[in-house]
Amino acid sequence: MTTTIVLASPNYAANESKFATSLAKFQANSTDASHQRDIHMIDRIAGNLASLTVNAYDRGLLFLDESTTLEEIKAILPKLFAAVHPGAALSVDGVFAKELADAFERESLLAGWMIESKGPFVLRRPAQVEAVPLKLSTKKSAGASVGVKLDFLFKKPEKQNTLSKNDVLKAAQEEEEGEDDLYDEDALVSDEETQLGKDVLAPPSTCSKPGKKKRCKNCTCGQREQDEAEAAAASAAAPKAVKLTDTMEIDFTELLKSKNAVSSCGSCYLGDAFRCSGCPYIGLPAFKPGEQVLISENRDKLSWMADDL
């Protein structure tokens, strides 16, 4: 009896007439009268919702359509490879998406399949090949041992030093003459040039050390004035705090318009629970986008427009 594992995409199996015709076509090619099929959906096998028995099937059928994704192909090809017997074939039927044609061939090879045909695809699991042990000879040939012995017999003597006394004295004189040609680097620079370099490179004694933020009281390098100018500019650019008294009222409408209050999160109209800590609408009740809201809190009525939301 021939056992067949069938994997089909849900869309392919939904067309019952097409699915039955494809199964009958592949069954007609089988020479075995008795036939057993196990049918599974691709998405369930790829999602590990169902499993396949290892080495349990004589052949495999794979029905794909354009809805099949590359992730599903990567997941099912190794599982089909393990489910069929060594030497079994996997026939593929259906229409591929254009970008999956080359990907299917690559993933088939990575899963271990051999590609027998590409139109349509027919894959085959390679048959198992038993390993044959090889006996390695440990005997040494006579020529090899003789060669080793001859190598020691005809070893070349080491080269000895044959320099005469005259050559040694001549080399010593040349070395002394070469030392006389060296120059003292300190002699190349005068004392005035050395003192000038120290004055240029040394920082002023009254200046602060690098990285120190606080300047000296008697700073003469201009850093103190520069820091004061930067601090004054920063304080001028900072918004001034509004001071309120018991008899003073503030118009929220003018404040919101002067600051160009614009909602960046889009949730300001929902109320304080949905507003960030820096929201210009903090303290105001919820309102509808674009709606004019009037509030009375025992003082003059305040109004504003939420057109910027």
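Just so you know, glycine gets a Cβ as well, placed from its N, Cα and C.
Swiss-Prot tags one of the stretches 185-188, 201-204, 265-268 as motif 'Cx2C motif 1', and that stretch is 265-268. Checking Swiss-Prot for motif 'Cx2C motif 2' across the ranges 56-59, 96-99, 128-131, 276-279 points to 276-279. Across the region 'N-terminal SAM-like domain' (1-132), DSSP assigns 51 helix, 42 strand, 39 coil.
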